[in-house]
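Data block below; observations after.
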Ligand code: NAI
């Protein structure tokens, strides 16, 4: 029997948390022979609801779930102790009338504490995935406040955007989603992100050759992906939860298993300066991994249209970084 790994999930009683923790417990991500101990973390006022989640996890009798620890956001050092993965889902949601900059300022201090606690008590091999929005900049803040945790351990989630884009291209081309590959998200998890159809492939052929309607690719496709989150809120009366949890699990699988040779995955990582993106910025790129070390796919060329899109999302992330500069070390 392998020794258990510890996975912390903040916001574990929230919408995404509820759709996420059962699937982690089931063995879907780490495999049927890998025991897992879940650290479920919530605000003090949500610990009652969290007890309900814990009871339901017990009632699933998952063979791979060998322990549950409940943690309060008041004591993150205890909550993250010895964790190998920290999934930061909890954050303050955007309220009516709030600008993106306001949201960044409200959530920033939470991610200072998160970073400090990860550095203080998490396992030496910890990997961190930030889902709570604005996820790129929240991740940047946490990373800066955990300077001893290597920079290649920090990820902010853009897999949901990638999955949304894959699905749109599959529908438009008539191919199954499994045949759509190399569809990267560049930049921010926001309405400025650039879903890069130029380098994507359907059945090994470039998307711009398979889908001849380039007006659709440059217009409706990009806009649908960029604004999908808002469309779901409009339709469902609540933000994406099952698909977001699915994307978080997908990201973990992307990180821990070698990338298939004919594909890439996207997540925001700490830029090394590739493609002219400021070093240190949390920016989504096309990535591959051997299961241990990930790297940015090199050598993709961008035409003027694509470069303008990348510049726009880069500009937004620079502005976000400037908004939180007091929180960066
Ligand atoms: P929710 O409001 O249903 O749940 C959030 C939970 O986090 C609540 O239970 C709350 O008590 C808890 N929480 C808040 N602050 C916390 C803290 N400091 N420590 C621990 N727990 C805390 O929200 P939902 O729908 O689960 O979404 C969570 C986050 O994920 C939001 O920020 C949302 O914008 C973001 N999101 C990100 C996506 C992405 O693609 N990156 C996609 C969809 C949502």
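Note that Cβ sites are derived from N, Cα and C of the backbone, with glycine treated the same way.
Per TrEMBL, the feature domain 'Lactate/malate dehydrogenase N-terminal' maps to 6-147.
Taken from TrEMBL, the feature NAD(+) binding site covers 11, 12, 13, 14, 15, 16, 17, 107, 131, 132, 133. DSSP classifies residue 15 (NAD(+) binding site) as helix under the three-state reduction. Annotation for residue 15 (NAD(+) binding site): same-chain Cβ neighbours under 8 Å, separated by at least 6 residues, are 238, 239, 241.
Long-range C-beta contacts of residue 100 (substrate binding site), restricted to its own chain and to partners at least six residues apart, with a cutoff below 8 Å, comprise 94, 134, 190, 320. According to its DSSP assignment, residue 100 (substrate binding site) is helical. The substrate binding site feature in TrEMBL is assigned to 94, 100, 133, 164.
TrEMBL lists 158-326 with the feature domain 'Lactate/malate dehydrogenase C-terminal'.
Shown in sequence order, 133, 134, 135, 136, 156, 157, 158, 160, 161, 268, 284 are the residues of the chain, 6+ apart in sequence, with a C-beta less than 8 angstroms from the C-beta of residue 189 (active site, proton acceptor). Taken from TrEMBL, the feature active site, proton acceptor applies to 189.
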For each of 11, 17, count the other CB atoms within 10 A of its CB; which of these binding-site residues has the top count? 17
Only counting partners 6 or more residues apart, tell me which same-chain residues put their Cβ under 8 Å from the Cβ of residue 164 (substrate binding site). 195, 224, 225, 228, 243
Within 10 A of the CB of residue 133 (NAD(+) binding site), the number of other CB atoms across every chain shown is 22
Listed binding-site residues: 11, 100, 131. Which have a CB under 6 angstroms from an atom of ligand 1? 11, 131
For the binding-site residues listed here (13, 131), tell me which residue's CB has the most neighbouring CB atoms inside 10 Å. 131
Give the number of CB atoms, excluding that of residue 94 (substrate binding site) itself, located within 10 Å of its CB. 16
